[in-house]
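According to TrEMBL, the features are:
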REGION    1-48  region 'Disordered'
COMPBIAS  32-46  compositional bias 'Basic and acidic residues'
TRANSMEM  144-165  transmembrane segment
TRANSMEM  171-189  transmembrane segment
TRANSMEM  210-231  transmembrane segment
TRANSMEM  237-255  transmembrane segment
TRANSMEM  325-344  transmembrane segment
TRANSMEM  356-375  transmembrane segment
TRANSMEM  431-452  transmembrane segment
TRANSMEM  472-492  transmembrane segment
REGION    498-541  region 'Disordered'
COMPBIAS  500-513  compositional bias 'Basic and acidic residues'
COMPBIAS  523-532  compositional bias 'Basic and acidic residues'
Amino acid sequence: MEENDGIRGRARKPQGATADESVAIDAGDDASLLKHTQEEDDDKKTTASTTLSTLQSVLNWWESLRLHFGDGLLLQIFFVYFTQGIRSTLCSLGTSYYLNETLALPPAQSEALRGTAAIPWIVKPIYGMLSDSVPIWGTRRKSYLLIFSAISAMAYLALSVPGLITTYHGALVALVVASLGIAFCDVVIDGKVVEAARSEKEDMAGNLQTLSWLSLSIGSVLGSMVSGFTLNTFGPLGVFFISALGPICVMFISIRLPEESYRFHGNQGFVDTVVTQCKILAQVVVDPICWRPMTWIFISNALPPSIGEAMFSFKTNELHFTKSFLGFISTVGSLTLLGTTAMYNAYFRDMPFRTMFLRIQIASALVCFAEYVLVARWNVAFGVSDRFFIFGDEILSDVVARLKHMPSLVLCAKICPPGIEGTMFALLMSIYNFSWSAASYGGSWLCTYLHISKADFSGLPSAVVVRGVAKVVPIFLLFMVPATTSIHSAALGSTALNSKSKDDDLESGRRGDDDVDPDMESDEVRLLKQEEETVQMQRQN
């Protein structure tokens, strides 16, 4: 058996070997060592070459986007979604400290304020109809970006001024206004992306969506990385000041970007447009293909009460976690979300919706049990430190939340019928956002009922149990979710387009447009009608 001579792992010469044999052994060892060194050098060269190739591909991708869409639009998209990423991490953590320390609000009030501040995200379809139908200063996009980016920037700047906003209602108004500005800019920039994509090939349109998600991810990760340092150095008010920089950048970029003057052609105004869209949506929503999965998604999100602010108070006041540590946890969570998105696309994308949601709901309930272990202090009894336990718990929570978020978005997209995809998806996202506000209001009531305060967390274990049980209840309603990954929404599109066609015919008749044949159907409508019989048979089965 060979022994090691302590030099670079080389084998020691066996005892009793002759001189020639020793020379042969040394020569063989040197050749093996040289070969190993060459392999290491080749690996390093390959790694460097791959890195340079990847960097060159990214630069070529960016240059292609600049060539097709121009710097102005790309910067608008980047800063709008970058601001949303900052808001989801840095601003969110800063808001929690602002409500908990600066305003000294109890968890129940903080949770209710959070739910109310999210209301502007619930009515996003109205923003789209408004920007499409009512131009300001002759433009439909630029003017709204200027106005609402300025509104959100002023709201954040007001929150950053020491002693200016010191009451619950003042903070509520400022946070609602800030959310309104960011939500409206989100809708407007989505409209600009759609308009730009229509004139380009499909792959270039997809690149704009990639830029949107990339900007959001960069903002989220960067906001998490600097959150601890920013809070320690500048406090929550400094966080609000930094959050105002994104909307300010959008505002100045929008000022310099030209936009063609737009005049609305037609007799339908904003109110008529809203009425028409509501009629079409009402006919679609009542179909079981649509309302059953939509109802399940709402119940699964809204039924478990949100106790995030109570848990935040517990971590800061009871466990005495520092701003730096919570910022580090936020960073890990943001990176985990990126990895979980890739994991979903690789392993769970083709899983049937019902199976996927069943596993996710069970996992969510188990995560709640892990939270119970923390708030009941069982981890201390087993010798597990709070920091170590919360680190693993946060990672699991983020993974489970993302794995539920991704199929929820896919399901919402698949039940949108052809012809009104944009409006229908905006409605579904509004309902999706409203479910989180409802969960916040439920959590506020639960914290009040259990007398949870910053000085008394005795009712927090019970709140966690209620939340865990509420996560199990939607499992018994999974029959409302499709058992497969394929959903036929063609019949819904036929109904919607027929309704829209009738409204257009009536409008044409009022204008005296005799050249329009009311019996003429578009190819899309005829195709949808052909699929409608198949869908009806599937429903009966």
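Just so it is clear, glycine is given a Cβ too, placed from its N, Cα and C backbone atoms.
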Intrachain residues whose Cβ lies under 8 Å of the transmembrane segment (431-452), provided they are six or more past its termini: 106-109, 111-112, 114-116, 118-119, 121-122, 124, 294, 297-310, 408, 412, 458-460, 462-463, 466
Distant-in-sequence neighbours of the transmembrane segment (356-375), which means Cβ under 8 A and at least six residues beyond its ends: 296, 300, 304, 311, 314, 348, 386, 389-390, 392-393, 396-397, 400, 403-404, 407, 457, 460-461, 464-465, 467-469, 471-472, 474-475, 478, 481
Long-range environment of the transmembrane segment (144-165) - Cβ separation under 8 angstroms, sequence gap at least 6: 76, 98, 131, 136, 171, 174-175, 177-182, 184-185, 188-189, 237-238, 240-241, 243-244, 247-248, 250-251, 254-255
Beyond the flanks of the transmembrane segment (171-189) by 6 or more, those residues with Cβ under 8 Å of it: 76-77, 80-81, 83-84, 87, 95, 98-99, 103, 113, 116-121, 124, 127-128, 131, 141, 144-145, 148-156, 158-159, 165, 243, 247, 250, 426
